[in-house]
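Beneath this line is the structure, given in structure tokens, with notes to follow.
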Amino acid sequence: MNGTEGPNFYVPFSNATGVVRSPFEYPQYYLAEPWQFSMLAAYMFLLIVLGFPINFLTLYVTVQHKKLRTPLNYILLNLAVADLFMVFGGFTTTLYTSLHGYFVFGPTGCNLEGFFATLGGEIALWSLVVLAIERYVVICKPMSNFRFGENHAIMGVVFTWIMALACAAPPLVGWSRYIPEGMQCSCGVDYYTLKPEVNNESFVIYMFVVHFTIPLIVIFFCYGQLVFTVKEAAAQQQESATTQKAEKEVTRMVILMVVFFLICWFPYAGVAFYIFTHQGSNFGPIFMTLPAFFAKSSSIYNPVIYIMMNKQFRNCMLTTLCCGKNILGDDEASATASKTETSQVAPA
């Protein structure tokens, strides 16, 4: 084995020389240089500085403007809540522990940090699935005369929390476990060991299939059908500039959604899957730490892609920030055209 396993940790460093120490008790500067831990802390600080204001502003602006409280925006707000979970439950902890060079909060703190970070990430992921299904049902119309209403939105939000808890809670009750990962300053699901005492192998397989592969398939299917439907509508109404514009906007949104989803989550999932399927292989702490950067950065991409590109929300945000004045001067008509509750071929 090229790593060192303890009762509640796995350090990706051989203890042949006797230098490995518990990541809950001692600085891990034998894994990486102190300046690298400082860089990790600086990155976490950047995510907090950017992630908290934009997600908090999303919630605040929606509360201030009644016209934003549409059914679909419930899901978008759920994304903001999920991102705030990641900011407060994960980023702040990692910032503090990185400054000390090890996970100073002990196994209990590791469980809490791992739970909240996983919960926030999974709420965001399943919110994207609900958004994809909503766009598919509204635009592609597999069910005629369907209108996405408040009850559907509430059910969608509840569904995201149920699925997120189904992923984040089991390690707290004996199915798998949370341990420090990468540079040992943040915690996540144990991909490093089989750990039969907690049936770790079955949980990791369950997590990859149910909480990554299936959501990815659903998202690709829904947006693939959406693009096809928009192209077909444009082909039948080639003289319609509005339809052609809608096609371009929806296509751009779809490309951004898929690309940033993959950027945020695929590297982390791919590395975790490699580590799990190559037990005992030689890899360094940076190997797992770098992909996690992309996953954590989703707290910034989500509000930018799913909310900031909406004209109505952007106008309301500017009005709130500028004390009732819209400095861009966009009129209400243009804002209304981009309402997320629309049932015609238009981007969310």
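Heads up, the Cβ atoms here are built off N, Cα and C, so glycines get one too.
Annotation source Swiss-Prot lists S-palmitoyl cysteine at Cys322 (among others), citing similarity to another entry. Long-range Cβ proximity for Cys322 (S-palmitoyl cysteine), meaning a same-chain Cβ under 8 A and a gap of 6 or more residues, is found for none.
Positions annotated as S-palmitoyl cysteine by Swiss-Prot, on the basis of similarity to another entry: Cys323 (among others). In the three-state DSSP assignment, the secondary structure recorded for Cys323 (S-palmitoyl cysteine) is coil. Within 10 Å of the C-beta of Cys323 (S-palmitoyl cysteine) there are 6 other C-beta atoms, taking all protein chains into account.
Swiss-Prot lists Ser334 (among others) with the feature phosphoserine.
What Swiss-Prot records for Thr336 (among others) is phosphothreonine, and it gives similarity to another entry as the kind of evidence.
Per Swiss-Prot, phosphoserine is recorded for Ser338 (among others), and the stated evidence type is similarity to another entry.
Taken from Swiss-Prot, the feature phosphothreonine applies to Thr340 (among others), supported by similarity to another entry.
Annotated phosphothreonine per Swiss-Prot: Thr342 (among others), in sequence order, evidence recorded as similarity to another entry.
Annotation comment: Swiss-Prot describes Ser343 (among others) as phosphoserine, evidence class similarity to another entry.
Annotation comment: Swiss-Prot describes 330-348 as region 'Interaction with SAG', evidence class similarity to another entry.
Long-range neighbours of the transmembrane segment (37-61) within the same chain, counting only residues 6 or more positions beyond its ends whose Cβ lies under 8 Å from a Cβ of the stretch, are 29, 68, 76-77, 80-81, 83-84, 86-87, 91-92, 94-95, 98-99, 101, 183, 185, 289, 293, 296-297, 299-300, 303-304, 307-308, 313, 316-317, 320-321. Positions annotated as transmembrane segment by Swiss-Prot, on the basis of similarity to another entry: 37-61 (among others).
Long-range contacts of the transmembrane segment (74-96) within its own chain (CB-CB distance under 8 A, at least 6 residues past either end) are made by residues 40-41, 44-45, 47-48, 51-52, 55-56, 58-59, 62, 104-105, 109, 112-113, 115-117, 119-121, 123-124, 127-128, 130-131, 134, 150, 153-154, 156-157, 160, 164, 185-186, 296, 298-299, 302-303, 306-307, 340. Residues annotated as transmembrane segment in Swiss-Prot, with similarity to another entry given as evidence: 74-96 (among others).
The transmembrane segment annotation in Swiss-Prot covers 111-133 (among others). Residues 72, 75-76, 78-79, 81-86, 88-90, 93-94, 105, 156-157, 159-161, 163-165, 167-169, 171-172, 178-179, 186-189, 211-212, 215, 218-219, 222-223, 257, 261, 265, 295, 298-299, 302, 306, 348 of the same chain, all 6+ positions outside the transmembrane segment (111-133), place their C-beta atoms under 8 angstroms from a C-beta of that stretch.
Sequence annotations record features per position, and here Swiss-Prot assigns transmembrane segment to 153-173 (among others). Only residues 6 or more beyond the boundaries of the transmembrane segment (153-173), in the same chain, are considered here, and those with a CB under 8 A from a CB of the stretch are 71-72, 74-75, 78, 82, 111, 114-116, 118-119, 122-123, 125-127, 129-130, 134, 189-190, 198, 203, 207, 210-211.
Annotation comment: Swiss-Prot describes 203-224 (among others) as transmembrane segment.
Residues annotated as transmembrane segment in Swiss-Prot: 253-274 (among others).
The transmembrane segment annotation in Swiss-Prot covers 287-308 (among others) and is backed by similarity to another entry.
Tertiary neighbourhood of the transmembrane segment (203-224): same-chain residues 122, 125-126, 128-129, 132-133, 135-136, 163, 166-167, 170-171, 175-176, 189-191, 254, 257-258, 261, 265, 269, 273, 276, selected by CB-CB distance under 8 Å and a gap of 6+ residues from either end. Long-range contacts of the transmembrane segment (287-308) within the same chain, counting only residues at least 6 positions beyond its ends with a Cβ under 8 Å from a Cβ of the stretch, are 12, 40, 43-44, 47, 50-51, 54-55, 58, 76, 79-80, 82-83, 86-87, 90-91, 120-121, 124, 131, 181-183, 186, 188, 253, 256-257, 260, 263-265, 267-268, 270-272, 275, 314, 317, 348.
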